[in-house]
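Listed in Swiss-Prot for this protein:
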TRANSMEM  18-38  transmembrane segment
TRANSMEM  79-99  transmembrane segment
TRANSMEM  105-125  transmembrane segment
TRANSMEM  134-154  transmembrane segment
TRANSMEM  179-199  transmembrane segment
TRANSMEM  201-221  transmembrane segment
Amino acid sequence: MEHRVFTIANFFSSNHDFITGFFVVLTAVLMFLISLGASRKMQMVPMGLQNVYESIISAILSVAKDIIGEELARKYFPLAGTIALYVFFSNMIGIIPGFESPTASWSFTLVLALIVFFYYHFEGIRVQGFFKYFAHFAGPVKWLAPFMFPIEIISHFSRIVSLSFRLFGNIKGDDMFLLIMLLLVPWAVPVAPFMVLFFMGILQAFVFMILTYVYLAGAVLTDEGH
């Protein structure tokens, strides 16, 4: 049996799936409450949480428009932005002693990767049409199509693995690093490791968001749109 560090979820159950689900829901609730607090009393001159959220949204759109264009960046922001924020909150909650990052579970990061995978294919088919979309998989040279098509299929499926394992591996490694530091010194002392994990959490959320936009751009932008 896999040994797990005690968390607040263990007060209710020691089941692995329950613990992961518990922190998935808890993270979603915390994210919703914080977001609600940021948007509850909107002001013309943003202050506090509203200012933070507007800065985050502006930063995401500023980066995304260079990848997919401003119009599509805004169109797909509800997906990419929500995933970025959720991954960020999921990463951050694991820094708190007694809590566990949902993104430290591969089953959860796999779900996120599958959401992105199916959505960008859905959008590609919707925008370009079924046959035109998959025709791109064959490449521009017809006689190479029998070789290129299966390679492209494998390449797209490998994105599920790379997206899910990249996030899972980094956050799991961060959690193990934090655990070792807390065993060596009191929790109030290792400020530097906490800061490293904080910035790593931001970085992983940023990377996941960027890749979401990159995959969407590859699916919906035609050759003329590049």
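Yeah, the Cβs are placed from backbone N, Cα and C, and that goes for glycine too.
Tertiary neighbourhood of the transmembrane segment (79-99): same-chain residues 6-8, 23-24, 26-28, 30-31, 34-35, 56-57, 60, 64, 108, 112, 115-116, 119, 167, 171, 174-175, 178, 182, 187, 194, 197-198, 200-202, 204-206, 208-209, 212-213, 216, selected by CB-CB distance under 8 Å and a gap of 6+ residues from either end. Same-chain residues lying 6+ beyond the ends of the transmembrane segment (105-125) with a Cβ under 8 Å from its Cβ atoms: 17, 20, 24, 76, 79, 83, 87, 90, 133, 156, 159-161, 163-165, 167-168, 208, 211-212, 215-216, 218-220.
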